[in-house]
Amino acid sequence: MADNSKKKNKTPQQRIQLEGEPSICSLKNLQVLLPQDIRDHLDGQDGTTTTTNGSKKMDQILEAMKIPPAATVCRVNLIQGTREEIQAELEAELKRLDLQDAFSVQPDSILDDVLQVVANTTETPTKNLHLAGPVEDPQAPLVFPTWPSRQTLGWPLKHRAVIVDRFCGEAVLRGSHIFVKGIMCADKGIQEGETIAVYADVRSTISKNRRIKRGYFLEQYRNRLCVYLGLGVAMFQRSDFFRLEKGVGIRMTPHARVGPMLPPISGILPSKVYFQNLPSVLVARALDPKPGHVIIDMCAAPGGKTNHVASLVRNNATIVACDKSRKKMIAAQQMFRDMGATCITALALNTTDCVVRDNNSEWQSVTNVLNAAQRAPDGLLDVTGFYPESFDRVLLDPPCSALGLRPKLQVVHTKLAELQDACAYQRKFIREAVQLLKPGGIMTYSTCTFNADENERMVRHILSEYETLELLPVLGGENSSIALGQPGLAGMGLNDEERGYVRRFDPLPSEAGCDTIGFFVAKFRKRQVS
């Protein structure tokens, strides 16, 4: 008979360690993993696979993924005021939050409806990236004097700790506080007002990925990798973290964060500012909307680009915002109302199949289609499609691989086929967009990825497949003074002139001319048919 006495006599901590200890690392040492077939494919797209310092370009991109841009970009809503007026209000909000000494508000030197909130510090944004836990005061008392294996595991002895989910962790790196729904695990005994060490769960360290149950104690966290994010102050005791449905559970301490010091100001002045990545601001400008235009944003949620279009025309246009998610468009509709953008109609509409192709029905304008539609109990109009050549402007920012988003603690794609599927899906939106666009009208195409298949090669597909479209410079006309981004990649289907027309942003601050996410924008015009 087997002797099970040793197993029975194990302490809870020892039994947990047998099942797999957690791995704790610093943001500097965290590796953002990319499947090899995807890595090889992306490496092969850029003829210059090394950067100016000789390192692999993809390695630098993966390193940059972990860290957010060092400034917070606020686009002002011109429907509600001028940039100068809203800057003064934003500065007053920083003062109200006691952040006026830590941060300042600066007008962007290039984009005249953008403000940047920057840290008043000379410290490098990467100064804390090496920390895998808090720097603990030698004189401070031990919180866990009788848990010797805790130090071996890597958890702090003088701070209690929490683990948040990956999405919450990425928001924390962007400057956010921690909402209770993002907290997954927490030490026993956490009290309101206590300084807490914060970690983000990244991924499983074993092939069988066990889910974490919300409410776990820290000693139940195992077989997983987490990364240290900094210190914060608990707003509730531990039990309330998992009892409450909403609210800020932990307020992060600005000077004790890992990575760039960013302001916790998400949600302030909600009718007057919209927090947006810098390249995204180029999209509405490239669209060149005019008062009175009829405009569609085909993949609008959460609505930032749509609202920017309304802001540029001062709420004087007919704008339709679409997304197949009804829940997202109900939220977007409320945001549009809060922004004063009453010219926007939000629709739950799948725009991969939204062109009316009934040859027996009489052509109807967008206004007539909207006026004839029934309103559902949730407030959205029930519209199934629009007639060909109905829109002066089409903004297309379709679902993409999102490889350019920062910060990113993990790449969710596991197969190259997933990137190829994204391209096939994008082509469905493009087909409908071209049909909806009036002759002489403008269409923009944008993604938040650096994958050339979804960018330069997709532009080549559009020009080859739809002869009525011609490529225009994103930074031409009224935008000719804007110096942002880089030309498209060579060898990816575009000639030198066409490469100069599009704008590509790689997440490499030293080379891209600005510290931002990976992004791509192209602009087309539909030729008049004689």
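Heads up, the Cβ atoms here are built off N, Cα and C, so glycines get one too.
From the options 1-20, 41-60, the stretch TrEMBL describes as region 'Disordered' is 1-20.
Separation of the C-alpha atoms of Gly303 (S-adenosyl-L-methionine binding site) and Cys448 (active site, nucleophile): 15 Å, rounded to the nearest whole number.
Counting in whole angstrom, Cys299 (S-adenosyl-L-methionine binding site) lies 13 from Cys448 (active site, nucleophile) by their C-alpha atoms. Here the CA atom of Cys448 (active site, nucleophile) lies 13 Å from the CA atom of Lys305 (S-adenosyl-L-methionine binding site).
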